[in-house]
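Enquirer: Below are the features I grabbed from TrEMBL:
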type	residues	note
BINDING	Asp53, His163, His167, His173	Zn(2+) binding site
COMPBIAS	534-552	compositional bias 'Polar residues'
DOMAIN	73-267	domain 'Peptidase M12A'
DOMAIN	274-440	domain 'MAM'
REGION	534-559	region 'Disordered'
SIGNAL	1-21	signal peptide
Amino acid sequence: ASCISLCAFLIISFFLPPPQPAPETTEIDIDGGIDQDIFDINKALGLDLFEGDIKLHGVRLHIYFPSWMQERNAIIGDNYRWPHVIPYVLEDSLEMNAKGLILKAFEQYRLKTCIDFKPWEGEKNYISVFKGSGCWSSVGNMQMGLQQLSIGANCDRIGTIQHEFLHALGFWHEQSRSDRDDYVTIVWDRIQSGKEHNFNKYDDKTSDFLNVPYDYNSVMHYSKTAFMNGTEPTILTNIPDFMDVIGQRMDFSEYDLQKLNRLYNCTSSLSFMDTCSFELENICGMIQSSDDNSDWQRLSQVPAGPNTDHTNMGECKDSGYFMHFNTSAGGEGSTAVLESRILYPKRGFQCLQFYLYNSGNEGDRLNVWVREYTSANPNGTLRFIEEIKGSPETYWQLHHVSLNVTSKFRVVFQGVRGNGLSNGGLSIDDINLSETQCPHHVWHIRNFTHLLNTSPAGRDGIIYSPPFYSSKGYAFQVSLYVNGTTGNPFNLGIYLSLISGANDDHLQWPCPWQQGTMILLDQHPDIRQRMSNQRSVTTDPLQLSESSSNYTWDRPDKVGSEATFPNGTKYMRGPGVGTSAFLTHERLRSRNFIKEDGVYILLTMEDISHLLSTEPSVPPTVVTTTKVPAFCPDNPCENDGVCVMVNRAPVCRCPAGDNWWYMGEKCERKGSTQENTVIAVSSTITVFVVMLIVTITTAVCLKKKYKQGRENKDSLTLEE
């Protein structure tokens, strides 16, 4: 399929007009300068969905909804929960950027829960994701075969995708909890007319929130502006500091994960392996090796640095530890080896992440190894992975190391003393290991508070990343509006541009189907609790610039403008594609984005052309079931009718006798044999009368036609 798509692209490209002369570099704001939430998008499309983004199936909600919400956060028993591995289809109607982001959202589920997703292979029930009108989902497993979930235009944000899949997994919105009035105030007169029902709450007899506290940070919470009829907020948080927190669409909150893991009885996460901040004396089960001549020490500070750990930055008394290898003593080549506990991989690829502080000498180095255990080598074999060295710095530095281990193993940190004077040594903290892919590049921006306080809004406040290369060889750069654009101040704005690079003469242009992802890292010490903020853009080779007929992703020396690196080197920068509404300053301060007065932006550019065709070769079908339906918890049926649940909708089975029966949606109308006899006789008489009228009318018409024909014939005879 990818080869066919590539051939089609080449044929289309042959007939396209050549690019026009290069204009000034432009920026394309994929959000149009507005931070649109799910409900804003759906409102603009005129969608009338329950609570703004929930699709219901054959149920009159205002009558039947209370009977639905029975246990575990409004899900009806085990039948309406999905298996831990959920089959899915990505329909070809989806935008390419959305397809890539859906797969990234699945990775977040794997990292933080026991929920997995697999391509559909004929299973009875599955989720089919398509580009519909807006962003919406059903709630729970509807047991209906194909179950649709829409990721429409502008819905391609990872938090939006997580939100809709949480609906599919069985969750309603956070502010509909029975205890919500203890935490938020709904301002009813500020709500759009006819939308008041979206703010209903349900009592604790019909809704269980799994013994998890109310969550202002939930990705399932309405924002303060949801369904407002003017400019004033519809939701006020009883703790004012959370006014600008509710409605976040960055990532799962800690309580979101608690609820999901409790609902699905998760005891561990699929791709998470280990985390360690060295706060406990057992140092996370790590061991000191005997094959060295020094040891790593658990310390809270070192005179030459660091002064604090990275986890707490010295803010917590009697806590804040890290591991330190002292290189101020001993001779050149002295080593200290620290090994992790034994780990058991499942996927064959891992990402090791940690912070390193070098207060020693530029010759000091940290070597990362793995000790692999196999049946042939039960005592383990060391395999070298990477060497990290550099000049001493006065701050913690983030590092990522890719591993590719398939058998049980330990991670081994080997500190090695270099040649030269050292007053300190090497320190490590906040280690995380997961079976995920590492980011391709890391952009560390220091003195960020100063930049926030002094940078103007607009182009004069832009800072540019160093140049980076994708795995395919495309050069790119990221620009960050620290204080927003002139039209959208007090936000971080972020854009990705292709720039001229060493490989341009050997690459395919316009650049096809490379997805660039920009992640502002939440530096929480546990990777499972991070709520990083990210956006992705994808290079559509046929996308035209908004201001000309140039291709947005063509060679930068054709469609870009000249720029200069800090060292004076000239280069060409193509149009920037991104958003001026990346993150508000309020949300920026709500998490650990800024730590040690620095931020990290993780960058990845990967080829997603294999996602051009993702639908299965066998067309998805709706699976019907002959299962006996369950009885309704509440009975809306009249005249002794019996209510049963069919496809999650209550249906009345009406009583009947020898010559009578009840009918109607709620068995509200009675029928009988006598009534049917009268109706039948009446119908027979009516049919007879109608047929008689038709017969008479036909005879009259034929007689007139015959008479007219005779007159015409006589007239012709006389003329002759």
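Every residue gets a Cβ built from N, Cα and C, even glycine.
Because the structure is a prediction, the values reported are computed rather than measured.
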Enquirer: Within 10 angstroms of the C-beta of His163 (Zn(2+) binding site), what count of other C-beta atoms is obtained when all protein chains are considered?
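Expert: A 10 Å sphere around the Cβ of His163 (Zn(2+) binding site) contains 26 other Cβ atoms.
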Enquirer: State the three-class DSSP label for His173 (Zn(2+) binding site), counting H, G and I as helix, E and B as strand, and everything else as coil.
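Expert: DSSP assigns His173 (Zn(2+) binding site) to coil.
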Enquirer: Looking at the domain 'MAM' (274-440) alone, can you tell me the average pLDDT?
Expert: 97
Enquirer: Taking only same-chain residues 6+ apart in sequence, whose CB is under 8 Å from that of His173 (Zn(2+) binding site), what do you get?
Expert: Glu51, Met220, His221, Tyr222
Enquirer: Count up the helix, strand and coil residues in the region 'Disordered' (534-559) according to DSSP, in that order.
Expert: 4 helix, 7 strand, 15 coil
Enquirer: Just name the most isolated of the binding-site residues Asp53, His167, going by other Cβ atoms within 10 Å of its Cβ.
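Expert: Lowest Cβ count within 10 Å among the binding-site residues (Asp53, His167) is His167.
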Enquirer: Let me know the DSSP-derived helix, strand or coil state of His163 (Zn(2+) binding site), please.
Expert: helix
Enquirer: If you take the centroid of the Cβ atoms of Asp53, His163, His167, His173, the listed Zn(2+) site, which other residues of that chain have their Cβ within 8 Å of it?
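Expert: For the Zn(2+) site the neighbour list reads Ile38, Glu51, Gly52, Ile54, Trp136, Ser137, Glu164, Leu166, Phe171, Trp172, Met220.
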